[in-house]
């Protein structure tokens, strides 16, 4: 069954989504979208390093993403506004990464594959990495769920309950780096943030609790991954971007439905 | 400085700080604060804006690293915390029932009962963002109580409430203390209500200016220098004689100097100017104003006797004599 590239691609897409969507809810709640971007863009530098040193891509991307996330976390609150800091870090990481890749003259690499993903070329080994990473992230988020949620609401509330908000921030940082490393093959570094944020945003109007939002986001994203694969196969479009397009369409539908619903409520009340 | 407060026999503090100092950058937020709260006590921290009230609370919660001194918490201390306000990101859906289970799962029945007791029955299925300010605070209090805390900490918990609303809120807190025996630590601006509801008041202005039973603190000159005179209308006027400063700064104070010993209200109209007060103050400093110092402790009087031009905020320690009772 795994011999079919479409089956492998589907599994890769769903695996990535399982990790990205629940984590994405926290990225949205904590307004860390740019943080995700910075981490993802740093991965390009990691890819260049792993190619130069003949290391597995996954390991290089993971390490550099982690370093980047840690630097950002350390620098925050030291005089720069967070969005300025992340803007600087995200784009300079990307630029340095691209320059570093250009030094690798003896290795032919397909830069587009790393920037936008190459889900159809996923190997069995890649699948193992993706599902292993996804399981780690899911486990981490599920284990820390309550603590993460409390410190997201209010750090002092968390401290009163015996939770260390800094440790939870670290958990999120780690999970984010793993998702980035896992998702490179699927959607590429430029679109990873979309996989985190758009499903969560689309799920928001239909959720009454945080847990419901995570579940709905995951289902929507899994559907979009499958739909995107099929669409890209049918119309011969690049797969990673197509998946993101489908999620974006879902988001638009969700926003329209919620808009209609609230105007309907307003009318029936007025 | 002698501490007369509950000499520690058999009483273990829930939280105690010794010489706690906190600095943000170069600025000192807390300066050598000794603070403790025992089981079952209701303690209120009052102080002007920027006096370090919130910093002290956060230090007690463990969110601020002391630059000097120590914070000691009772082992297995359970804290229920009601923050000043909770900013809910609109992207985060949260029903009231879910919020009550935030850090410790509670059953649906327990949640319903807690909401009923808190005076917000039937709100369980509503979104937190749809609650009014008063309902929101009650729900936060309900959640804190569901934690079955040893210590309930409230940071300006009635900031958004009107007078009857906050009065009801404080009554509820007294009930909770009576029911559960937990200690309560509050930071508040509602001086009137706070004074009546607390066992002990700590007046903070970077350091502990004075502390003791509410009526004692209310009469303490340092307290009155910080909060003005309007806060305790019921006080006998002759106690106002301590209300002056010797460095000639224009802090609220002082035209009451005239009235001492007579105890009758006395309008001084334009006598409110710094120069005038200054002169007045020195006259009061005579060996004997002929005035009974009433409940002010001797430590306070000693302090009053000596001019303290070096003290930037007019504050000084008052021995914790208020707790002798």
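One-based numbering along the chain as shown.
Cβ atoms here come from the backbone N, Cα and C positions, even for glycine.
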Among ranges A:146-167, A:212-233, whichever one TrEMBL labels transmembrane segment: A:212-233
For the transmembrane segment (A:174-200), distant same-chain residues with Cβ under 8 A (at least six beyond the ends): 12-13, 15-17, 19-21, 23-25, 27-28, 32-33, 35-37, 39-41, 43-44, 46-47, 57-59, 61-62, 65-66, 69, 94, 113-119, 121-122, 126, 129-130, 133-134, 136-137, 140-141, 213-214, 217-218, 220-221, 224, 240-241, 243-244, 247-248, 250-251
The transmembrane segment (A:86-107) and the transmembrane segment (A:127-145) contact flag, 3+ Cβ pairs under 8 angstroms: no
Top Cβ-contact partner of the transmembrane segment (A:6-29) among A:41-74, A:127-145, A:212-233, A:239-260 (pairs under 8 Å): A:212-233
Cβ contacts under 8 Å made by the transmembrane segment (A:239-260) with residues that lie 6+ beyond its boundaries: 9, 13, 116-120, 186-188, 191, 194-195, 198-199, 201-206, 220-221, 223-225, 227-229, 231-232
